[in-house]
(Lines of atoms letter the chains of each structure in order from A and count residues from 1; the text may use other names and numbers.)
(Lines give C-alpha, C1' and ligand atoms only; values in the text may rest on other atoms or scores of the structure.)
Protein backbone atom coordinates (compact mmCIF):
# COMPACT_ATOMS: atom_id res chain seq x y z
CA UNK A 1 0.00 0.00 0.00
CA UNK A 2 1.28 3.48 -0.81
CA UNK A 3 2.21 5.83 1.98
CA UNK A 4 -0.75 8.12 1.25
CA UNK A 5 -3.08 5.13 1.19
CA UNK A 6 -1.70 3.91 4.50
CA UNK A 7 -2.25 7.33 6.04
CA UNK A 8 -5.78 7.40 4.63
CA UNK A 9 -6.55 4.01 6.16
CA UNK A 10 -5.26 5.13 9.56
CA UNK A 11 -7.28 8.33 9.33
CA UNK A 12 -10.40 6.37 8.46
CA UNK A 13 -9.92 4.00 11.42
CA UNK A 14 -9.23 6.88 13.76
CA UNK A 15 -5.71 5.72 14.61
CA UNK A 16 -4.25 9.11 13.66
CA UNK A 17 -5.87 12.45 13.00
CA UNK A 18 -5.64 16.21 13.09
CA UNK A 19 -7.97 18.27 15.23
CA UNK A 20 -9.43 20.56 12.57
CA UNK A 21 -12.42 21.54 14.68
CA UNK A 22 -10.36 22.69 17.68
CA UNK A 23 -8.46 25.14 15.44
CA UNK A 24 -11.58 26.34 13.63
CA UNK A 25 -11.11 29.97 14.66
CA UNK A 26 -7.80 30.00 12.79
CA UNK A 27 -9.56 28.74 9.65
CA UNK A 28 -12.36 31.26 10.14
CA UNK A 29 -9.80 34.05 10.41
CA UNK A 30 -8.04 32.98 7.21
CA UNK A 31 -11.35 32.83 5.33
CA UNK A 32 -12.47 36.21 6.64
CA UNK A 33 -9.15 37.77 5.62
CA UNK A 34 -9.31 36.32 2.09
CA UNK A 35 -12.97 37.31 1.74
CA UNK A 36 -12.28 40.89 2.87
CA UNK A 37 -9.44 41.19 0.34
CA UNK A 38 -11.71 39.78 -2.38
CA UNK A 39 -14.52 42.20 -1.54
CA UNK A 40 -12.08 45.11 -1.41
CA UNK A 41 -10.77 44.19 -4.86
CA UNK A 42 -14.31 43.98 -6.17
CA UNK A 43 -15.36 47.33 -4.69
CA UNK A 44 -12.17 49.21 -5.61
CA UNK A 45 -11.24 47.75 -8.99
CA UNK A 46 -14.56 46.35 -10.11
CA UNK A 47 -15.02 43.65 -12.71
CA UNK A 48 -13.62 43.95 -16.20
CA UNK A 49 -16.82 43.18 -18.04
CA UNK A 50 -16.41 41.63 -21.45
CA UNK A 51 -17.76 42.95 -24.67
CA UNK A 52 -20.74 40.61 -24.38
CA UNK A 53 -21.97 42.69 -21.43
CA UNK A 54 -21.01 46.13 -22.79
CA UNK A 55 -21.66 45.78 -26.50
CA UNK A 56 -19.19 46.50 -29.29
CA UNK A 57 -17.26 44.68 -31.99
CA UNK A 58 -14.79 41.80 -32.07
CA UNK A 59 -12.22 41.68 -34.89
CA UNK A 60 -10.23 38.53 -35.64
CA UNK A 61 -7.26 38.82 -37.98
CA UNK A 62 -6.28 36.01 -40.40
CA UNK A 63 -3.44 33.63 -39.59
CA UNK A 64 0.19 34.70 -39.88
CA UNK A 65 -0.58 38.30 -39.03
CA UNK A 66 2.86 39.67 -38.22
CA UNK A 67 1.74 42.34 -35.79
CA UNK A 68 2.54 42.60 -32.09
CA UNK A 69 -0.20 42.80 -29.47
CA UNK A 70 0.91 46.26 -28.34
CA UNK A 71 0.90 47.63 -31.89
CA UNK A 72 -2.53 46.12 -32.61
CA UNK A 73 -3.98 47.62 -29.43
CA UNK A 74 -2.60 51.06 -30.27
CA UNK A 75 -3.96 50.88 -33.82
CA UNK A 76 -7.42 49.74 -32.70
CA UNK A 77 -7.74 52.46 -30.05
CA UNK A 78 -6.59 55.09 -32.54
CA UNK A 79 -9.08 53.96 -35.18
CA UNK A 80 -12.08 53.58 -32.83
CA UNK A 81 -11.46 56.13 -30.12
CA UNK A 82 -12.36 53.51 -27.52
CA UNK A 83 -10.38 51.20 -25.28
CA UNK A 84 -9.35 47.97 -27.01
CA UNK A 85 -8.37 44.56 -25.66
CA UNK A 86 -6.08 42.41 -27.82
CA UNK A 87 -5.39 38.71 -27.30
CA UNK A 88 -2.91 36.50 -29.13
CA UNK A 89 -4.55 33.38 -30.54
CA UNK A 90 -2.99 30.30 -32.08
CA UNK A 91 -1.45 30.59 -35.55
CA UNK A 92 -0.44 34.25 -35.10
CA UNK A 93 -4.06 35.34 -35.09
CA UNK A 94 -5.19 38.36 -33.09
CA UNK A 95 -8.53 38.90 -31.39
CA UNK A 96 -9.31 42.58 -30.96
CA UNK A 97 -12.24 43.69 -28.83
CA UNK A 98 -13.49 47.24 -29.03
CA UNK A 99 -16.37 48.16 -26.73
CA UNK A 100 -18.96 50.84 -27.37
CA UNK A 101 -18.95 51.03 -31.19
CA UNK A 102 -21.85 50.51 -33.57
CA UNK A 103 -22.23 48.91 -37.01
CA UNK A 104 -21.25 51.99 -39.01
CA UNK A 105 -18.13 52.50 -36.91
CA UNK A 106 -17.07 48.85 -37.09
CA UNK A 107 -16.64 48.95 -40.88
CA UNK A 108 -14.42 52.01 -40.60
CA UNK A 109 -12.34 50.43 -37.83
CA UNK A 110 -11.91 47.21 -39.81
CA UNK A 111 -10.66 49.11 -42.87
CA UNK A 112 -8.22 51.09 -40.73
CA UNK A 113 -6.88 47.91 -39.12
CA UNK A 114 -6.44 46.19 -42.49
CA UNK A 115 -4.50 49.15 -43.81
CA UNK A 116 -2.32 49.35 -40.71
CA UNK A 117 -1.60 45.60 -40.65
CA UNK A 118 -0.81 45.42 -44.36
CA UNK A 119 -3.82 43.26 -45.24
CA UNK A 120 -4.96 43.98 -48.78
CA UNK A 121 -8.51 42.70 -48.37
CA UNK A 122 -10.25 44.14 -45.31
CA UNK A 123 -12.84 41.36 -45.59
CA UNK A 124 -10.24 38.87 -44.35
CA UNK A 125 -10.58 40.47 -40.93
CA UNK A 126 -13.62 38.87 -39.34
CA UNK A 127 -15.90 41.38 -37.59
CA UNK A 128 -18.68 40.44 -35.18
CA UNK A 129 -21.01 42.91 -33.55
CA UNK A 130 -22.28 42.14 -30.07
CA UNK A 131 -25.15 43.98 -28.44
CA UNK A 132 -25.21 44.55 -24.68
CA UNK A 133 -28.69 43.05 -24.41
CA UNK A 134 -27.30 39.56 -25.10
CA UNK A 135 -24.91 39.79 -22.17
CA UNK A 136 -27.63 41.20 -19.95
CA UNK A 137 -29.85 38.24 -20.76
CA UNK A 138 -27.04 35.82 -19.89
CA UNK A 139 -26.39 37.61 -16.59
CA UNK A 140 -30.09 37.65 -15.74
CA UNK A 141 -30.48 33.93 -16.45
CA UNK A 142 -27.33 33.19 -14.46
CA UNK A 143 -28.65 35.04 -11.41
CA UNK A 144 -31.95 33.21 -11.68
CA UNK A 145 -30.18 29.87 -11.92
CA UNK A 146 -27.96 30.76 -8.96
CA UNK A 147 -30.85 31.64 -6.66
CA UNK A 148 -32.87 28.59 -7.68
CA UNK A 149 -29.83 26.39 -7.10
CA UNK A 150 -29.24 27.86 -3.64
CA UNK A 151 -32.85 27.38 -2.57
CA UNK A 152 -33.00 23.79 -3.82
CA UNK A 153 -29.69 22.95 -2.14
CA UNK A 154 -30.85 24.29 1.21
CA UNK A 155 -34.15 22.40 0.99
CA UNK A 156 -32.47 19.14 -0.02
CA UNK A 157 -29.77 19.28 2.67
CA UNK A 158 -32.31 20.21 5.33
CA UNK A 159 -34.38 17.15 4.42
CA UNK A 160 -31.54 14.68 3.78
CA UNK A 161 -29.38 15.81 6.72
CA UNK A 162 -30.50 18.69 8.95
CA UNK A 163 -30.95 22.44 8.77
CA UNK A 164 -27.59 23.16 10.42
CA UNK A 165 -25.76 21.33 7.65
CA UNK A 166 -27.83 23.18 5.05
CA UNK A 167 -26.84 26.54 6.56
CA UNK A 168 -23.16 25.55 6.75
CA UNK A 169 -23.15 24.36 3.13
CA UNK A 170 -24.81 27.60 1.98
CA UNK A 171 -22.20 29.71 3.79
CA UNK A 172 -19.42 27.62 2.22
CA UNK A 173 -20.88 28.16 -1.26
CA UNK A 174 -21.15 31.92 -0.77
CA UNK A 175 -17.55 31.86 0.51
CA UNK A 176 -16.36 30.12 -2.67
CA UNK A 177 -18.25 32.45 -5.01
CA UNK A 178 -17.03 35.57 -3.21
CA UNK A 179 -13.40 34.51 -3.42
CA UNK A 180 -13.70 33.61 -7.12
CA UNK A 181 -15.31 36.94 -8.03
CA UNK A 182 -12.72 38.79 -5.95
CA UNK A 183 -9.83 37.06 -7.72
CA UNK A 184 -11.33 38.07 -11.07
CA UNK A 185 -11.48 41.67 -9.90
CA UNK A 186 -7.91 41.65 -8.54
CA UNK A 187 -6.22 40.04 -11.55
CA UNK A 188 -8.29 42.03 -14.05
CA UNK A 189 -9.45 39.05 -16.10
CA UNK A 190 -12.30 39.78 -18.44
CA UNK A 191 -15.73 38.56 -17.38
CA UNK A 192 -17.35 36.70 -20.27
CA UNK A 193 -20.15 34.14 -20.61
CA UNK A 194 -17.41 31.54 -20.09
CA UNK A 195 -16.82 33.02 -16.65
CA UNK A 196 -20.49 32.65 -15.81
CA UNK A 197 -20.43 29.03 -16.96
CA UNK A 198 -17.39 28.36 -14.77
CA UNK A 199 -19.02 29.96 -11.73
CA UNK A 200 -22.16 27.87 -12.10
CA UNK A 201 -20.05 24.74 -12.56
CA UNK A 202 -18.05 25.15 -9.36
CA UNK A 203 -21.23 25.34 -7.29
CA UNK A 204 -21.98 21.68 -7.79
CA UNK A 205 -18.38 20.58 -7.46
CA UNK A 206 -17.81 22.57 -4.29
CA UNK A 207 -20.98 21.15 -2.81
CA UNK A 208 -19.90 17.59 -3.63
CA UNK A 209 -16.97 17.54 -1.20
CA UNK A 210 -19.08 19.11 1.53
CA UNK A 211 -21.85 16.53 1.15
CA UNK A 212 -19.31 13.68 1.32
CA UNK A 213 -18.08 14.91 4.71
CA UNK A 214 -21.64 15.53 5.93
CA UNK A 215 -22.69 12.03 4.94
CA UNK A 216 -19.89 10.51 7.02
CA UNK A 217 -20.80 12.75 9.94
CA UNK A 218 -24.44 11.74 9.71
CA UNK A 219 -23.57 8.04 9.88
CA UNK A 220 -21.09 8.36 12.75
CA UNK A 221 -23.37 10.59 14.85
CA UNK A 222 -26.51 8.47 14.53
CA UNK A 223 -27.93 8.01 18.07
CA UNK A 224 -24.65 9.29 19.47
CA UNK A 225 -26.36 10.67 22.60
CA UNK A 226 -26.84 7.08 23.82
CA UNK A 227 -23.09 6.68 24.31
CA UNK A 228 -20.69 8.64 26.50
CA UNK A 229 -17.43 7.81 24.78
CA UNK A 230 -17.23 10.63 22.20
CA UNK A 231 -18.64 14.13 22.02
CA UNK A 232 -20.28 15.47 18.86
CA UNK A 233 -17.23 17.61 18.19
CA UNK A 234 -14.95 14.57 18.32
CA UNK A 235 -17.24 12.57 16.03
CA UNK A 236 -17.26 15.44 13.54
CA UNK A 237 -13.49 15.61 13.62
CA UNK A 238 -13.20 11.84 13.10
CA UNK A 239 -15.55 12.03 10.11
CA UNK A 240 -13.54 14.89 8.66
CA UNK A 241 -10.27 12.98 9.04
CA UNK A 242 -11.88 9.85 7.60
CA UNK A 243 -12.76 11.62 4.34
CA UNK A 244 -9.69 13.88 4.25
CA UNK A 245 -7.60 11.85 1.81
CA UNK A 246 -10.61 11.29 -0.44
CA UNK A 247 -11.35 15.02 -0.54
CA UNK A 248 -7.72 15.87 -1.30
CA UNK A 249 -7.49 13.24 -4.04
CA UNK A 250 -10.73 14.39 -5.65
CA UNK A 251 -9.68 18.04 -5.59
CA UNK A 252 -6.19 17.38 -6.95
CA UNK A 253 -7.51 15.18 -9.76
CA UNK A 254 -9.99 17.91 -10.70
CA UNK A 255 -7.47 20.76 -10.44
CA UNK A 256 -4.77 19.17 -12.60
CA UNK A 257 -6.65 19.25 -15.94
CA UNK A 258 -8.10 22.67 -15.14
CA UNK A 259 -4.58 23.95 -14.41
CA UNK A 260 -3.50 22.47 -17.74
CA UNK A 261 -6.24 24.40 -19.50
CA UNK A 262 -5.38 27.61 -17.68
CA UNK A 263 -1.58 27.65 -17.81
CA UNK A 264 -0.76 25.49 -20.83
CA UNK A 265 -3.83 25.53 -23.04
CA UNK A 266 -4.27 29.27 -22.66
CA UNK A 267 -0.64 29.89 -23.55
CA UNK A 268 -0.60 27.61 -26.58
CA UNK A 269 -4.08 28.19 -27.95
CA UNK A 270 -4.41 31.75 -26.79
CA UNK A 271 -6.91 33.43 -24.51
CA UNK A 272 -10.60 33.66 -25.00
CA UNK A 273 -13.32 31.58 -23.43
CA UNK A 274 -10.87 28.77 -22.59
CA UNK A 275 -9.01 30.98 -20.12
CA UNK A 276 -12.21 32.47 -18.76
CA UNK A 277 -13.71 29.11 -17.87
CA UNK A 278 -10.41 27.68 -16.63
CA UNK A 279 -9.68 30.54 -14.21
CA UNK A 280 -13.11 30.49 -12.61
CA UNK A 281 -12.97 26.70 -12.30
CA UNK A 282 -9.44 26.70 -10.85
CA UNK A 283 -10.13 29.34 -8.20
CA UNK A 284 -13.55 27.92 -7.39
CA UNK A 285 -12.34 24.34 -7.03
CA UNK A 286 -9.45 25.40 -4.78
CA UNK A 287 -11.76 27.51 -2.62
CA UNK A 288 -14.31 24.69 -2.51
CA UNK A 289 -11.73 22.16 -1.35
CA UNK A 290 -10.69 24.54 1.43
CA UNK A 291 -14.23 25.37 2.56
CA UNK A 292 -15.40 21.74 2.63
CA UNK A 293 -12.58 20.82 5.04
CA UNK A 294 -11.97 23.94 7.10
CA UNK A 295 -15.29 25.81 7.05
CA UNK A 296 -18.39 23.65 6.56
CA UNK A 297 -17.89 20.98 9.23
CA UNK A 298 -16.61 23.35 11.96
CA UNK A 299 -19.65 25.56 11.29
CA UNK A 300 -21.93 22.56 11.81
CA UNK A 301 -20.21 21.85 15.13
CA UNK A 302 -20.64 25.46 16.28
CA UNK A 303 -24.33 25.42 15.37
CA UNK A 304 -24.86 21.98 16.90
CA UNK A 305 -23.23 22.86 20.22
CA UNK A 306 -25.83 25.58 20.75
CA UNK A 307 -28.39 22.81 21.28
CA UNK A 308 -29.02 22.19 25.03
CA UNK A 309 -29.20 18.43 24.42
CA UNK A 310 -25.74 18.44 22.83
CA UNK A 311 -24.30 20.52 25.66
CA UNK A 312 -25.77 18.13 28.22
CA UNK A 313 -24.28 15.17 26.37
CA UNK A 314 -20.87 16.84 26.29
CA UNK A 315 -21.06 17.30 30.07
CA UNK A 316 -21.94 13.62 30.53
CA UNK A 317 -18.93 12.59 28.46
CA UNK A 318 -16.69 14.88 30.50
CA UNK A 319 -18.11 13.51 33.77
CA UNK A 320 -17.54 9.92 32.70
CA UNK A 321 -13.97 10.68 31.66
CA UNK A 322 -13.32 12.36 35.01
CA UNK A 323 -14.74 9.32 36.81
CA UNK A 324 -12.66 6.93 34.72
CA UNK A 325 -9.54 8.99 35.38
CA UNK A 326 -10.22 8.99 39.13
CA UNK A 327 -10.77 5.23 39.14
CA UNK A 328 -7.56 4.73 37.18
CA UNK A 329 -5.62 6.82 39.70
CA UNK A 330 -7.05 4.88 42.64
CA UNK A 331 -6.29 1.56 40.99
CA UNK A 332 -2.75 2.65 40.25
CA UNK A 333 -2.26 3.80 43.84
CA UNK A 334 -3.56 0.44 45.12
CA UNK A 335 -1.18 -1.45 42.84
CA UNK A 336 1.76 0.65 44.01
CA UNK A 337 0.80 0.01 47.65
CA UNK A 338 0.55 -3.74 47.04
CA UNK A 339 3.93 -3.76 45.34
CA UNK A 340 5.45 -1.97 48.35
CA UNK A 341 4.03 -4.59 50.77
CA UNK A 342 5.47 -7.44 48.72
CA UNK A 343 9.04 -6.12 48.89
CA UNK A 344 11.49 -8.47 50.84
CA UNK A 345 12.70 -7.41 54.34
CA UNK A 346 16.38 -6.48 54.55
CA UNK A 347 18.67 -9.04 56.32
CA UNK A 348 19.81 -8.23 59.86
CA UNK A 349 23.32 -6.95 60.40
CA UNK A 350 25.91 -9.53 61.34
CA UNK A 351 26.29 -8.30 64.88
CA UNK A 352 22.58 -8.26 65.60
CA UNK A 353 22.31 -12.02 66.08
CA UNK A 354 25.10 -12.00 68.66
CA UNK A 355 24.12 -8.84 70.46
CA UNK A 356 27.11 -6.98 69.15
CA UNK A 357 27.81 -3.37 69.90
CA UNK A 358 25.64 -0.73 68.35
CA UNK A 359 22.63 -2.97 68.13
CA UNK A 360 19.58 -1.44 69.65
CA UNK A 361 17.46 -4.51 69.62
CA UNK A 362 18.41 -8.09 68.89
CA UNK A 363 16.46 -11.28 69.04
CA UNK A 364 14.48 -11.43 72.25
CA UNK A 365 15.49 -14.26 74.62
CA UNK A 366 12.86 -16.10 76.54
CA UNK A 367 13.50 -16.16 80.29
CA UNK A 368 14.55 -19.57 81.54
CA UNK A 369 12.97 -21.20 84.58
CA UNK A 370 15.29 -23.59 86.32
CA UNK A 371 12.53 -25.20 88.30
CA UNK A 372 10.09 -25.66 85.45
CA UNK A 373 8.72 -29.18 85.39
CA UNK A 374 10.47 -30.25 88.61
CA UNK A 375 8.40 -32.56 90.80
CA UNK A 376 5.86 -33.42 88.08
CA UNK A 377 5.24 -37.02 87.18
CA UNK A 378 6.30 -38.23 83.84
CA UNK A 379 3.81 -38.76 81.13
CA UNK A 380 0.96 -36.55 80.03
CA UNK A 381 0.17 -33.33 81.76
CA UNK A 382 -2.93 -33.30 83.73
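Even glycines carry a Cβ here, placed using N, Cα and C.
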Worksheet entry | Which range of 80-102, 103-125, 195-217, 218-240 is transmembrane segment, per TrEMBL | 195-217
Worksheet item: Taking 52-69, 142-159 as the choices, which stretch does TrEMBL tie to transmembrane segment?
Response: 142-159
Worksheet entry | Range annotated as transmembrane segment - as stated in TrEMBL, picked from 166-189, 310-333 | 166-189
Worksheet item: In terms of Cβ proximity under 8 Å, which residues at least six beyond the ends of the transmembrane segment (25-44) contact it?
Response: 175, 178-179, 181-183, 185-186, 290-291, 294-295, 298
